[in-house]
Amino acid sequence: MVARLTRLIILALTLFSLHAQAGLFDSGSSPHFVTVNQAFGFDFSQNNHNVVLRWKVKPGYYLYRQQFSITGTNAVIAGIALPSGQPHEDEFFGKSQIFPQDVQIPVTLKSTLPGATLKISYQGCAAAGFCYPPETREVPLSQVSTTRSEAPATAAATPAPVPEPQSGPAVSRLPFSPLWALLIGIGIAFTPCVLPMYPLISAIILGGRRDVRASRILLLAFVYVQGMGLTYTLMGIVVAAAGLRFQAALQSPVILLSLSAVFILLALSMFGLFSLQLPSSLQTRLTLWSNRQQGGSLSGVFLMGALAGLICSPCTTAPLSAILLYIAQSGNMLAGGGTLYLYALGMGLPLIIVTLFGNKLLPKSGPWMQSVKEGFGFVILALPVFLIDRVAGDLWGMRLWSLLGVAFFGWAFALSLKSPKGWMRVLQIVWLLAALVAARPLQDWAFATPGVTASQEQALPFQNIGTVADLQQQLSQAQGKITMVDLYADWCVACKEFEKYTFTDPQVRQEFSQFRLVQANVTANSAQDNALLTHLNVLGLPTLLFFDANGHEIPDSRVTGYMNASQFLAHLRKLRAE
């Protein structure tokens, strides 16, 4: 009896240990992800003119708000109520909105013709770092009509007015908040070309009188600033509209580099290398028109402010030109007009204070005003660095930001040495430490060993494919090596993380020398891209597949989702050891 019981216990322990080992070692190298239909269950309903589109979002997954696209075929869409999403931010695509829970989108139809459909595109990801290709659904519509006849040509294909559309001319968001323009305007007011003029402008606004009620003084100064703001706002709207018209051209590397050169010239003018201003004849004419206006009257003061916005001094021309070129990059007329209005308001706030309280609150003129002007030269230099970053890539962008930081903190340190005040010694230490920190990327570039630098900057030897036939051809040329197939897309955040962090690791690169590297870019989500994904039974990205020397996929080798360098290196070594 005891012997039989002992055998049963041993058998139970053996079975348990085998199960535990299976649970420990048979798990794949990547998390399990469901199909796109399981992640985002789609449904719809129609009640006459009202269509409701529904998505049931699986926990741990989310849909991108800006990726929704709804168009009608043989249907006129009256409106779409796209709800607000939850704020989301990642390193590569910045701020966006997502739907991590079930979402409904009401669509109102104006009219439909027989055979009308809605074409709906959407895209989502898993929170674990796995993204699905854009999904497209076509919804059949029942026929509805309005009281007035709709032209069939109009109803043939009507795009939905989805907020923040992805198609058509893209309206870029400004990378820096327009509120910075307010601070820049205030700073420009304290440059040597502007601040000394404020008492004179104040006297002109009041018509040479000081026996005016405080409320009237405040109103006159405010109206003057609004006139100036109107001029600048119109400038911003016109330039942003022009930028929207030529948005595609403004994104080309040649144009970006040319604009960067212009920004650098504008910055050099702030450092005193040369002066930028309107032709003297035009300035004289504008000044005469301004002087004809009657000071002390609201209409006259408003016109003086509007004309003052056109009279650019050497201190204001470069910053104004830089801001105008900057907002032209966005093509956003609202942001363009608002940015220039805030800039004018910033310049006008000190003027309102001087007009209301007199010169007592003004700081004394001195060399410090030239330092303010030079400081704005560094602000303008940040714009070409931002533009070149988009052309040269992250590595050179970081070096340029480092160079700008070293230059600014070095300038501030040299400036602080001129002051005899004791507390400036503390500030000198701060500037010096900041310059040392900012110089780190330059130090890494200058003093890194040549082998490491070349390894980091050299592109990986990927063989690019686009079709199933291309894949078969590459697998037939394996030459006894394991073939890694990397499926990449620009809309895949984790793909970019692989590219930036994992594939750049020196040990991973060294291990790659034992593999044949193949890559398919499926960003376009074309028919041949979908055929390749279907052939490989791929649900989404990132996905990396490994094939043996005979062209067969290695079991349990597929990587879905992001892996850091150490995890991925262990995976590669395990595959080679088998």
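Placed from the backbone N, Cα and C atoms, the Cβ positions cover glycine too.
These numbers come from a predicted model, not from an experiment.
In Swiss-Prot this protein carries:
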SIGNAL    1-22  signal peptide
TOPO_DOM  23-180  topological domain 'Periplasmic'
DISULFID  Cys125-Cys131  disulfide bond
TRANSMEM  181-201  transmembrane segment
DISULFID  Cys193-Cys315  disulfide bond
TOPO_DOM  202-216  topological domain 'Cytoplasmic'
TRANSMEM  217-237  transmembrane segment
TOPO_DOM  238-253  topological domain 'Periplasmic'
TRANSMEM  254-274  transmembrane segment
TOPO_DOM  275-306  topological domain 'Cytoplasmic'
TRANSMEM  307-327  transmembrane segment
TOPO_DOM  328-336  topological domain 'Periplasmic'
TRANSMEM  337-357  transmembrane segment
TOPO_DOM  358-367  topological domain 'Cytoplasmic'
TRANSMEM  368-388  transmembrane segment
TOPO_DOM  389-394  topological domain 'Periplasmic'
TRANSMEM  395-415  transmembrane segment
TOPO_DOM  416-428  topological domain 'Cytoplasmic'
TRANSMEM  429-449  transmembrane segment
DOMAIN    436-577  domain 'Thioredoxin'
TOPO_DOM  450-578  topological domain 'Periplasmic'
DISULFID  Cys492-Cys495  disulfide bond
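According to DSSP, Cys131 (disulfide bond) is assigned to a strand segment. Of the listed disulfide-bonded residues, namely Cys125, Cys131, Cys492, Cys495, the sparsest CB environment within 10 A is found at Cys131. Residue pair Cys131 (disulfide bond) / Cys495 (disulfide bond) shows a Cα separation of 9 Å. Of the two recorded stretches, the transmembrane segment (337-357) lies close to the transmembrane segment (217-237), with three or more CB pairs under 8 Å once pairs fewer than 6 apart in sequence are set aside. Taking the C-alpha positions, the distance from Cys495 (disulfide bond) to Cys125 (disulfide bond) comes to 12 Å. Annotation note: Cys495 (disulfide bond) sits in a helical segment as assigned by DSSP.
Residue counts for the domain 'Thioredoxin' (436-577) under DSSP (helix as H, G, I; strand as E, B; rest coil) come to 67 helix, 26 strand, 49 coil. The stretches the transmembrane segment (254-274) and the transmembrane segment (217-237) do not meet in space: the count of Cβ pairs below 8 angstroms, excluding pairs fewer than 6 apart in sequence, stays at fewer than three. Long-range contacts of the transmembrane segment (395-415) within the same chain: residues 371, 374, 378, 381-382, 385, 388-389, 428, 431-432, 434-435, 438-442, 445, 456-457, each at least 6 residues beyond the stretch ends and with a Cβ under 8 Å from a Cβ of the stretch.
Rounded to a whole value, the Cα-Cα separation of Cys492 (disulfide bond) and Cys125 (disulfide bond) is 9 Å.
If you take every residue in the topological domain 'Cytoplasmic' (275-306) and average the pLDDT, you get 61.
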